[in-house]
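Report on the following structure.
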């Protein structure tokens with residue numbers, strides 16, 4: 001511990017050691033060691049040789065001294081680190097020990113009922129650590145055990161006393177402190193035992209049956225608790241006050257610590273600069289020593305002669321002037337002085353650093369042990385004290401209200417418990433009902449599952465039966481589809497016939513309208529038979545197509561299972577349709593030719609029969625009557641077709657094909673009757689025209705008409721034959737169709753029976769599913785009812801809780817309102833006035849405090865800046881003085897008249913100057929071979945590379961930053 005206060009004493013021998021060594025080395029060099037000087041011609045040469053040897057020895061001694069200094073410095077740094085760690089550990093132990101003692105003291109005052117709180121106040125003063133002495137290094141201090149009894153005695157730092165005392169005194173003091181902490185712990189144990197005895201006595205009195213003893217015990221306990229409450233309240237006030245003062249002091253000391261740290265950083269930067277300068281000077285000195293040693297070795301080895309005033313070269317001899325040696329010695333002395341000055345500056349900076357660290361530690365100690373009495377004098381503390389007294393009175397009132405509320409709470413709890421018991425009983429009964437219903441539903445569900453299994457088995461059996469009857473059904477469906485295709489083809493042919501009929505009717509109407517005169521009646525009679533044969537031709541073609549379609553249908557029924565034959569049949573039908581279209585085109589061309597001929601005849605007859613215009617009008621009236629009759633017939637046929645369509649729509653699918661065939665047969669018969677009627681009409685017209693016309697032209701026309709009639713009669717006979725063939729084919733197809741229908745009816749009956757069985761199974765399955773769904777719905781409804789009952793119970797419980805809370809709130813509000821109304825109304829006006837005044841004062845004080853704090857911070861910043869600038873100016877001033885003294889010496893040497901050099905000396909000086917310019921200013925050893933492209937300063941490549949690698953990427957002369965691409969080599973020839 002003696003090393004804590006004696007840091008400077010340890011550092012002083014380090015400064016005084018090197019000079020002693022120097023003298024010792026000099027003495028040894030002059031007395032002990034023998035020097036071989038070689039051949040000497042004069043006393044001056046002898047002096048020069050001796051000086052050279054001394055200089056060499058001095059350089060060696062300087063190197064030894066520097067090595068010793070480095071070792072000592074490292075040793076001192078290690079000791080300082082060790083001492084700092086020891087001090088830190090001691091400070092931590094002392095801090096926690098003092099905190100332990102303080103906590104024990106507070107606990108004793110908390111539980112020691114015999115002493116008052118005034119003793120604690122005196123003890124608290126003793127706990128405060130004052131400002132440490134200037135020669136102490138401790139961060140936290142502690143009072144001795146003697147200071148506990150007497151709080152007004154001056155308090156000394158425990159660590160400072162330990163540092164100033166001997167080892168025996170240290171042991172005795174530490175033993176005393178340990179004994180004091182032991183005594184404090186034993187006191188805590190005794191106090192705890194007393195409290196335990198008192199509690200046991202009170203519990204015995206309370207457990208005894210006598211009412212008087214119980215009342216006494218309760219009164220005693222109340223008084224004890226009231227005293228304890230008062231003591232605790234005072235203790236909390238004291239601790240809060242202490243915390244407040246400590247926080248304020250902490251803020252102040254934190255600012256001081258920040259300023260000290262900034263100063264320390266400035267000093268550290270200055271120390272680094274000085275260390276850099278010292279290293280630079282040392283390197284220069286070493287370089288000079290090496291150079292001097294090399295020169296001396298050359299002189300000794302080659303036997304160069306040295307003359308006092310000569311400066312020329314004589315056949316292998318080099319003349320060295322004695323003045324140069326003097327100059328070199330003077331430079332060496334200057335460098336030594338510079339080194340001593342730098343060393344002194346470093347020592348001063350180290351002392352300043354130590355002082356700053358001690359101040360920093362003192363400030364930390366002050367921060368941890370701030371004065372607590374200042375808080376009591378502040379208006380904020382007084383205001384808080386008054387507010388605390390008001391709040392304490394209010395707390396007493398609230399306690400009374402709380403007792404009343406507790407009584408009400410016990411009553412409401414009893415009622416609430418009764419209600420809860422009733423609700424629980426209802427819930428248990430509902431649970432029982434629900435269980436019975438759930439059991440019933442499960443039984444019904446099991447029955448439904450059994451029925452479902454039975455139905456599933458039956459359904460599988462029916463499916464197997466249906467799979468057996470599957471191929472028969474497929475064959476029937478295939479036959480039905482083929483018949484449907486045949487029916488579709490017949491429908492297409494019927495539609496085609498209808499279209500042809502309409503075209504024929506439209507052509508008829510056109511031809512009848514064209515016959516405009518009576519003279520053209522004969523022509524029209526000739527034209528009608530021309531048209532009729534075309535119509536007959538078309539009808540015969542239609543009948544032929546109809547018969548071919550029937551034949552194709554029979555082939556389809558026979559060969560329905562063969563797809564290749566169907567394709568051939570389609571191909572044949574397409575070929576037939578193409579042939580029919582070709583025939584129709586040929587017939588149209590013939591009709592066109594006939595129409596052209598008839599038009600020519602009309603043109604020739606029109607000129608002759610203009611006079612017979614009146615007869616033509618009568619014939620036109622007859623033609624109109626005939627057209628009206630035909631219109632009526634067409635309307636009747638339309639009605640018949642509508643009836644057939646209705647019958648076809650109302651008929652089932654099995655009979656639709658039959659209906660189509662019957663309709664086609666009726667239609668063909670009606671067309672035959674129409675054709676016969678037309679034939680009769682034409683014959684009648686022919687007879688009438690034969691009677692009327694006797695001319696040669698009429699005879700020619702009659703002959704032509706007769707030819708046409710013969711042609712038509714032949715065609716009619718052909719049509720009759722085809723009709724008879726078609727009727728026979730129709731009978732055959734009808735019989736085949738009836739057979740197929742009977743088979744279809746049988747198969748349909750079988751299908752219906754199977755469908756009925758399937759429908760029965762499906763209906764039973766649907767019924768079972770419906771029953772299952774109903775049971776599920778009933779179960780869900782019961783679950784919903786249970787949930788609703790639970791939610792109702794929860795809601796009732798919440799309502800009860802809310803009502804209880806409302807009761808508590810209302811009762812507390814009523815009690816507090818009645819008691820506080822009177823007091824609050826009286827104190828409200830006074831408090832308002834005081835609050836307004838206090839708020840105004842607080843605002844003013846806050847504004848003043850903020851302004852003062854701002855000014856203080858500004859002043860502190862300015863002081864720090866001024867101190868930094870002053871230190872920098874002093875440093876620059878010292879450097880400038882050193883430069884001035886060095887330059888003065890040079891000036892004095894240059895002003896001397898005896899020192900006027902000769903030409904060789906001037907040349908040598910110039911060479912030296914050029915060499916100095918070409919050598920790197922950083923290391924002063926290597927040549928300049930690298931340039932910085934940012935500022936164009938020249939150095940050696942090794943120095944620039946080391947600066948770049950060590951991240952000191954600034955120019956040594958102008959501090960301009962440079963990067964990897966901002967320097968390169970140059971070659972000076």
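Each position is counted from 1, following the chain as shown.
In case you wondered, yes, glycine gets a Cβ from its N, Cα and C as well.
These features come from Swiss-Prot:
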COILED    43-90  coiled coil
COILED    168-378  coiled coil
COILED    429-896  coiled coil
COMPBIAS  139-151  compositional bias 'Basic and acidic residues'
COMPBIAS  527-544  compositional bias 'Basic and acidic residues'
COMPBIAS  553-620  compositional bias 'Basic and acidic residues'
MOD_RES   21  N6-acetyllysine
MOD_RES   41  phosphoserine
MOD_RES   136  phosphoserine
MOD_RES   138  phosphoserine
MOD_RES   348  N6-acetyllysine
MOD_RES   510  N6-acetyllysine
MOD_RES   522  phosphoserine
MOD_RES   560  phosphoserine
REGION    1-37  region 'Disordered'
REGION    128-153  region 'Disordered'
REGION    507-620  region 'Disordered'
ZN_FING   920-959  zinc finger
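Sequence-distant neighbours of the zinc finger (920-959) (same chain, 6+ residues past either end, Cβ-Cβ under 8 Å): 283-284, 287, 966-972. All chains included, 10 other C-beta atoms sit within 10 angstroms of the C-beta of residue 510 (N6-acetyllysine). If you take the Cα of residue 348 (N6-acetyllysine) and the Cα of residue 510 (N6-acetyllysine), they are about 143 angstrom apart, rounded to a whole number. DSSP states for the zinc finger (920-959), grouped as helix (H, G, I), strand (E, B) and coil, give 9 helix, 7 strand, 24 coil. Note on residue 348 (N6-acetyllysine): other Cβ atoms within 10 Å of its Cβ, all shown chains, come to 12. When secondary structure is read from DSSP and collapsed to three states, residue 348 (N6-acetyllysine) falls in the helix class. Residues belonging to the coiled coil (168-378) score a mean pLDDT of 75 in the model.
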